[in-house]
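A.B. asks: Handing you a structure now.
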Amino acid sequence: MATLKDELTQRTEQFDHWATRRRYGPDGPNNRRLWVLACMDERLPVDEALGIRVDTPVGGGDAHCFRNAGGIVTEDAIRSAMLTCNFFGTREIVIVQHTQCGMLSANAKDLEAALRDKGVDPDNLTLDPTLPELKLDKGGFAKWIGMMDDVDVTCMKTVETFRNHPLIPKDVTVSGWVWEVETRRLRAPTQEAEARARTDVTSGQFGVKDKQPGRWS
Ligand SMILES: [Zn+2]
């Protein structure tokens, strides 16, 4: 059996290739040819949840990892997945969302109203100053925030969206998972009450009364 010293020696020696492998395009993929989309929440430990090492300081790394609020589809998530799947040799997409997500904790309309109170006009915004072409129609802002009614439903719809997106090659494997903050375990998204018991998975459990602006269901 190799000692850790042997492994570290090998990995550090491979570092030069690892550091420059983006130059090799599809011939220089990450170790698992994997792209991970995950919520940015610090209670979601991506490496532990998936049993991988996204990156290491001594060369090698299992995945490209994209994190945003909720771990949901956004145009930038699509952009990043498109690049890694089409040009950097990625063959698999894994999506991880989680129970008790902050994206369940308020209604998007209330967040929009709070921003208006701060003097922001969500109907007249340049979302990305470097890309003014990217615009939301009037009334689209609350949908854009992406608050969820149900994390399992959102996770399943996120998988579906990546599977069907024209920028994602059809032979890329796509799966979605829910990390249970309460039990520190990963499970498949489900609508079965028993599997969801003792975990917070709906906005109703956070006292949100109204359905979110239509995006996920
Ligand atoms: Zn979250």
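The backbone N, Cα and C atoms fix where each Cβ goes, glycine too.
Pulled the feature table from TrEMBL, pasting it below:
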- Cys39, Asp41, His98, Cys101: Zn(2+) binding site (BINDING)
- 190-217: region 'Disordered' (REGION)
- 208-217: compositional bias 'Basic and acidic residues' (COMPBIAS)
A.B. asks: Which three-state DSSP class does His98 (Zn(2+) binding site) fall into?
C.D. replies: strand
A.B. asks: I want the residues beyond Cys39, Asp41, His98, Cys101 whose C-beta is within 8 angstroms of the mean position of the Zn(2+) site's C-beta atoms, in chain order.
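C.D. replies: Same chain, not in Cys39, Asp41, His98, Cys101, Cβ within 8 Å: Ala38, Met40, Arg43, Leu44, Gly70, Gly71, Gln97, Thr99, Gln100, Gly102, Met103, Val151, Trp179, Val181.
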A.B. asks: Among the binding-site residues listed here, Cys39, Cys101, which has the most company in the form of other Cβ atoms within 10 Å of its Cβ?
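C.D. replies: By the 10 Å Cβ neighbour count, Cys101 comes out on top.
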A.B. asks: Going by DSSP, give the three-state secondary structure for Cys39 (Zn(2+) binding site).
C.D. replies: strand
A.B. asks: Among all protein chains shown, how many Cβ atoms are found within 10 Å of the Cβ of His98 (Zn(2+) binding site), not counting that one?
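C.D. replies: Result for His98 (Zn(2+) binding site): 28 neighbouring Cβ atoms inside 10 Å.
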A.B. asks: List the same-chain residues at least 6 positions away in sequence whose Cβ sits under 8 Å from the Cβ of Asp41 (Zn(2+) binding site), in sequence order, or say none.
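C.D. replies: Counting only residues 6 or more apart in sequence, the Cβ neighbours of Asp41 (Zn(2+) binding site) under 8 Å are His98, Cys101, Gly102.
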